[in-house]
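According to TrEMBL, the features are:
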COMPBIAS  524-534  compositional bias 'Basic residues'
COMPBIAS  536-557  compositional bias 'Basic and acidic residues'
COMPBIAS  571-605  compositional bias 'Low complexity'
COMPBIAS  626-642  compositional bias 'Basic residues'
DOMAIN    504-560  domain 'Signal recognition particle SRP72 subunit RNA-binding'
REPEAT    190-223  repeat 'TPR'
Amino acid sequence: VLQINKDDVTALQCKVVCLIQNGNFKEALGVINTHTKVLTSDVIAFEKAYCEYRLNRIESALKTIQSASQQTDKLKELYGQVLYRLERYDDCLAAYRDLIRNSQDEYEEERKTNLSAVVAAQSTWEKVVPEDLGLREATYELCYNSACALIGQGKLNEAMKKLQKAEELCRQSLSEDSDVTEEDIEAELAIIHGQMAYIMQLQGRTEDALQLYNQIIKLKPTDVGLLAVIANNIITINKDQNVFDSKKKVKLTNAEGVEHKLSKKQLQAIEFNKALLAMYTNQADQCRKLSASLQSQSPEHLLPVLIQAAQLCREKQHAKAVGLLQDFADQHPANAAEIKLTMAQLKIAQGSVTKACMILRSIEELQHKPGMVSALVTMYSHEEDIDSAIEVFTQAIQWYQQYQVSQTRGANPKSPVHLSLIREAANFKLKHGRKKEAISDLEELWKQNPKDVHTLAQLISAYSLVDPEKAKVLSKHLPSSDTMSLKVDVDALENSHGATYVRKKAAKLTGDNQQKEQGQGEVKKKKKKKKGKLPKNYDPKVTPDPERWLPMRERSYYRGRKKGKKKDQVGKGTQGSTTTGSSELDASRTASSPPTSPRPGSGAAVSATSNVIPPRHQKPAGAPATKKKQQQKKKKGAKGGW
């Protein structure tokens, strides 16, 4: 037909539809663009917009739809899909509501599913509390989308129950078709199982989540978006461990078409994790490149600059990292608080606690918070800067004072946080000897609540150190002991788990034992002390050696062990030769040889002016005789000379 009449509108429309049915969207769009005079927007607006949508030219598809003179139901359906892809969820929700309200056909269930998907996206990405649309969760798609909305609200246990219901409905609906295999069912359930694993990961059950993620990857699903999300989640579980596995999983996030399947926030999270993985694998240049690219895409986002600072710290360039963070804080005051907290952490890591305190005190929106006050006081105390710590307390108390006055229009009631800060300041001052300053704080507390006995007791205690007379006057306000009814079970208190003293229960006594106990009264058995054992040669008349408890080498009279020079010299040299004279080796001449230095502890070692022998070094009486006998035996059996 087109060979006969190349501008036949019906034939051209048929050709475009056939190309679309075959999936040749690019060729179909080419036919439309080459015959613009004949195929006007009124004639073929839907087909053109659909081809652009399928070719991921979402902005072009939106323009085509908006330029159409008549908005048909088909165009409205496509308009809703385009808005969803552009993440314009409010407009998308309004479009689907209008479609459901004004159309009645067999596609109503699909429209409700799309509507629930929009609500889930709002809850997940925009943190909008979803309204109850009254949709009956009769299909597994509706159950799945409802679970996603619950995850966005943080209701993880409820979301898990919804996913389990969705899995059950999916199995039921697919098992009714005889052509569907078990593998097909598992492939369809992959996205549900992936969301279950994500909930487990959020709940801290990382091992279970990792196992389920790996099971899904083994199925090799065709959805590249699902694979990319699962791979990214596995990388977040691995962190700086199992880096080789993370490198393999990164490849799944780089698959073709992933950017068209995921939302902008999902893609951004994947890029952040790529930069972190590059940092953990010591790919500094790659890390800087990725983080710089992310910063150019989202200049106000915190993570890119934090990753760059972390990389600089790994390279030991702490000063440069602090400078980078300071520049970002100056350029983006709205995010300065979190950046300054990081800067303070870096200063603490470098040991510059005082500088860290200065940075923390520059965060105006946090400097009066109890947590910040506590941190600053602790850090100043560590640096022994008590004046600065008290100044922090004073500024925080003044801030709450001004805030309360502004809120109550001149009245001056104290909030619980304000009173708590005054009490902590008083305790801190008392601890560090600032009694007069502490007394003024305690008096203010007591004025706020004169019935507070605890504060009064603290005030009296503080005055007793400064002005005893004032303490006596204040003590009259204390309640008398008669008016104080303390209902305390002493036995229960003593037998409690935390008691340091537990009274032993008296054992029941019967018969003879009871009589014995009565006769003995309060007499207690005394343990007999064992007498220490004394040496066999102990002499009470001899003064013990004062150095007897020291090792032998550490005693003042130790002269070293006598080395056997004779033994060392025997056998040295060539066979038959001797290194010393035979007279030195002759055992018969040892008695006339000159005396060597006495051995420590022997009789010769003691000075001539004292005959005292230390008891630890006294030898048994029979020891010298046995030694002589051994020498005599050796002489009998010895032959003269060598």
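Positions of Cβ are set from backbone N, Cα and C atoms, glycine also.
Only residues 6 or more beyond the boundaries of the repeat 'TPR' (190-223), in the same chain, are considered here, and those with a CB under 8 A from a CB of the stretch are 140, 144, 147-148, 151, 156, 159-160, 163-164, 166-167, 170, 183, 229-231, 233-234, 236-237, 252, 261.
The helix, strand and coil residue counts that DSSP assigns across the repeat 'TPR' (190-223) are 26 helix, 0 strand, 8 coil.
In terms of DSSP helix, strand and coil, the compositional bias 'Basic and acidic residues' (536-557) has 3 helix, 0 strand, 19 coil.
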